[in-house]
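Database features (Swiss-Prot):
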type	residues	note
ACT_SITE	LYS191	active site, proton acceptor
BINDING	SER10, TRP11, LYS31, LYS105, ALA140, ARG255, VAL279, GLU281	NADPH binding site
BINDING	LYS105, GLY136, SER138, LYS191, ASP244, SER254, ARG255, ASN256	sn-glycerol 3-phosphate binding site
Amino acid sequence: MRATVLGAGSWGTALASLLAGKGYTVTSWDKDAAVLDDIARNHRNERYLPGLHLPPTLHASAEVAKALEGAELVVLAVPSHAVRPVVIEAKRHVHAGTPIVCVAKGIELDTLMTMTEVVEDVLPVPLHPYLAVLSGPSFAKEVAKGLPTAVTVAARWERIAKQVQDAFHTKTFRPYTSGDVVGCEIGGCVKNVVAIAAGISDGMGFGANAMAALVTRGLAEITRLAVRKGANPLTLSGLAGLGDLVLTCSSDLSRNRTVGRGLAEGKTADAIQRELGQVAEGVRNARSARELAKRLGVEMPITEAIYRVLYEGLAPREAVTALMMRETKPEL
C-alpha cells in the first residue's frame, strides 16, 4: 500500500512511522523544509519526535502533488487551523475511492465547523463518503515507540471504517470502528479545553477531588454538545470521549494540561506555547467550542471559564470560584 501523511508534526510522524513499519510505502508532506530534510536524510524528526529512528520506507516530499501521487490512503495530520488551506491545496490530487483519515482535532472558528465538515466543504461531493476520523487516547511519542494504544476510527461508511482499521492495526495499535463521526470529533476537540482546566487545577494544588470533578463534569458538557450535534451519547463513554479526556487531563505529556499549569503560574498562553514549540489545540478550541455552544444553546461552564481565563484575563482562582458558586442544580 502507498500512503501519504499530510503534516509531519509529532502525530503525523508517529502515524507515518506506524504505517511504514507495516511495510507500506509512506510519504510525509509538510511546509517545514527542515523537518522533511531530517526525515529524508536521517530517518528522524528531531524537532517533533527527538531520539526516535523512523523506518526506511518513510519518505518525504515538499510538493503536494508528488506526495499524493498513487496514494491509496491519505492521512490529514495538520493543526486544525491549517486543515482548510491544506485540503484546498491537495484536493486536485485526491481521487474517489481513496480513504481520507482526518486526525486533526478542532472546530473552525469562522464557520464553527468540525474538521470533517471543513474537509467536506472543500472536497468534491464524490469524495465525502471516503472520509474517516481517527481519535482516542494516543500520545504521539508513545505510538512512535510502539507502546500499546487503542483508538476509534469513525466513518459514515462501515466499509471505509473497516478499511482504515485494517490499515492501522498492528500488535501495538488497536483501532475500533464506529459510525459516529461527530461524536468522535467533538470528544477529541473539547477534551483539550477541559485538559487546560485540569492543568490549572493541578498547578494550583487543588488535589484529587477537584480533578475527579473536572473530568466528570467536563465529560458531561462534552456529551451535551456532541448530542446536540447529533452524536450517540455512548460514543463519549468510549475511547474517543472518556478515554481521550482521562489521558489528556492526567498526563504530563499533554500539551493542553501543560498550558493550564502555566496559566496557574501566571504565564500567558502565548508564552507557554512558545516554550512548548508546538500547538496546544485547546487554546483555539476554547473560543470555537464556546461559540458553537452558544449557537446551539448548550451550557458549558468549564469551557466558558477557560475562555474567560484565556481571552478576558480572568484569574484562574477566580474562575474556579465562579464555577463552584454557580447556582446549585441536580446532577443529571
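Yeah, the Cβs are placed from backbone N, Cα and C, and that goes for glycine too.
Remember, it's a predicted structure, so these values are computed and weren't measured experimentally.
Annotated features, which come from Swiss-Prot, shown on the structure.
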residue	record	Cβ within 10 Å
SER10	NADPH binding site	21
TRP11	NADPH binding site	27
LYS31	NADPH binding site	14
LYS105	NADPH binding site	26
GLY136	sn-glycerol 3-phosphate binding site	23
SER138	sn-glycerol 3-phosphate binding site	23
ASP244	sn-glycerol 3-phosphate binding site	28
ARG255	NADPH binding site	23
ASN256	sn-glycerol 3-phosphate binding site	26
VAL279	NADPH binding site	18
Integer Å distance between the CA atoms belonging to ASN256 (sn-glycerol 3-phosphate binding site) and LYS31 (NADPH binding site): 24
VAL279 (NADPH binding site) versus recorded positions GLY136, SER138, LYS191, ASP244, SER254 - nearest by Cα: SER254
For the recorded positions ALA140, LYS191, SER254, GLU281, the one whose C-beta sees the most other C-beta atoms within 10 angstroms: LYS191
Nearest-integer angstrom distance between the alpha carbons (Cα) of ASN256 (sn-glycerol 3-phosphate binding site) and SER10 (NADPH binding site): 15
DSSP three-state assignment (helix, strand or coil) for LYS105 (NADPH binding site): coil
Nearest of the recorded positions (LYS191, ASP244, SER254) to ALA140 (NADPH binding site) - Cα to Cα: SER254
Pairwise Cα distance for GLY136 (sn-glycerol 3-phosphate binding site)/LYS191 (active site, proton acceptor) [Å, integer]: 11
Cα-nearest neighbour of SER10 (NADPH binding site) within the listed recorded positions, SER138, LYS191, ASP244: SER138
Which recorded positions sit within 10 Å of TRP11 (NADPH binding site) - Cα, from SER138, LYS191, ASP244, SER254: SER138
Length of the line joining the Cα atoms of SER138 (sn-glycerol 3-phosphate binding site) and LYS105 (NADPH binding site), in Å: 13
Among the NADPH-binding set SER10, TRP11, LYS31, LYS105, ALA140, ARG255, VAL279, GLU281, as the record gives it, the longest Cα-Cα distance in Å: 22
Cα separation, ARG255 (NADPH binding site) to the residue listed as 'active site, proton acceptor' (Å, whole number): 12
Rounded distance in angstrom between the Cα atoms of LYS105 (NADPH binding site) and ASP244 (sn-glycerol 3-phosphate binding site): 12
